[in-house]
Amino acid sequence: MMAKVAGEFKRVASTFRNWVTEDGSSGFKVEAGRYHLYVAYNCPWAHRTLVVRKLKGLDEAVTCSVAAYRRDERGWKFDPASCPGSTEDTVHGFSHVRDVYLQCDPEYSGRFTVPVLYDKVQKTIVNNESSEIIRMFNTEFNAFCKSPEQAAIDLYPEPLRAEVDALNEWIYPNINNGVYRAGFATKQEPYDVAVRELFAALDRVEAILAGKRYLAGDQLTEADVRLYTTLVRFDKVYVGTFKCNKKCIRDYPNIWPYLRDLYQTPGFGETTNFTHIENGYQGKSPDRNPHGIVAIGPDINFNEPHNRATKFSS
């Protein structure tokens, strides 16, 4: 998903951008069991889709296959025998995610990324852009949520859309992608810029959370989901592996309890697999980890009381 330019990494746009709709006007109609999600637990972009799928109660309506945390020369692979938590490809029985792409388009020459939302009826990839998949799960699949309460959850409510869009606009480049800009930099200057912008953005988040339970106020939104998957990995892997070591998330008086608040919310902690995260990010890499040593720790208690609900109760 990234290309190197003068020591800096630029993220390449996703290529499959179709949409599942309730009425089928897009060519992809919402149906229970029709769509399949391909993910990896260590991937923060795929993790977004897992959080929303669970939060909305779609884990039966949208089936799922999980790749192993270690990739080989063919990319993401399905390997439950040697990687607990990974699954088989229950749609095709393919060995790798790339085979899903090539089944759809034998001439495909892009990156073989997760997440992937796949249509089992038309036998094609619908979308591989996480930000769009979570919006589909939020609005288009409500008829198939497990409960009315889950169907009523709206992570992109009309009155807050402008604010959520504005949050996403600076959180994505500076925090979500910022850790990658730091971790994959090959020259000092782009690394320095990425780290400065990352921690300036975290300071901005810290200030927002001093007065609000969630980023957009008292309601959980997609902005929180998108930020969560970076924050929950931060102290475990980004501080060390990606050299984002100016501060830990646990050093922030507001962000740290906010992160625990999210982790303890249904859909968040239960889709967070630290074994996959730690092993996936710290696998053998000629540039970042030539010996493949996986660090022990830190030990972090994400279930420690946070008191955010009480603090911001009306």
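For all residues, glycine too, the Cβ spot is worked out from N, Cα and C.
Any TrEMBL annotation is an automated prediction that lacks curation.
According to TrEMBL, the features are:
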- Cys43: active site, nucleophile (ACT_SITE)
- Trp76, Arg111, Phe112, Thr113, Val114, Glu129, Ser130: glutathione binding site (BINDING)
- 157-287: domain 'GST C-terminal' (DOMAIN)
- Tyr180: active site, proton donor/acceptor (ACT_SITE)
- Tyr238: site 'Lowers pKa of active site Cys' (SITE)
- Tyr281: site 'Lowers pKa of active site Cys' (SITE)
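Annotated features, which come from TrEMBL, shown on the structure.
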| residue | record | Cβ contacts under 8 Å, 6 or more apart |
| --- | --- | --- |
| Cys43 | active site, nucleophile | Val114, Pro115, Gly280 |
| Trp76 | glutathione binding site | Ala40, Ala67, Ala68, His96, Val97, Arg98, Phe112, Val114 |
| Ser130 | glutathione binding site | Trp45, Ala46, Arg48, Thr49, Pro115 |
| Tyr238 | site 'Lowers pKa of active site Cys' | Val179, Ala182, Gly183, Thr230, Cys244 |
| Tyr281 | site 'Lowers pKa of active site Cys' | Asn42, Arg233, Val237, Thr241, Phe242 |
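A Cα-Cα distance of 17 Å separates the residue listed as 'active site, proton donor/acceptor' from Glu129 (glutathione binding site). Arg111 (glutathione binding site) has a Cβ environment of 15 other Cβ atoms inside 10 Å.
The record assigns Trp76, Arg111, Phe112, Thr113, Val114, Glu129, Ser130 to the glutathione binding site, and the maximum Cα to Cα distance across that set is 17 Å.
Here the Cβ of the residue listed as 'active site, proton donor/acceptor' has 18 other Cβ atoms within 10 Å, regardless of which shown protein chain they belong to. When Cβ atoms from all protein chains are considered, those within 10 Å of Val114 (glutathione binding site) total 24, not counting its own. Within 10 Å of the Cβ of Thr113 (glutathione binding site) there are 24 other Cβ atoms, across all protein chains.
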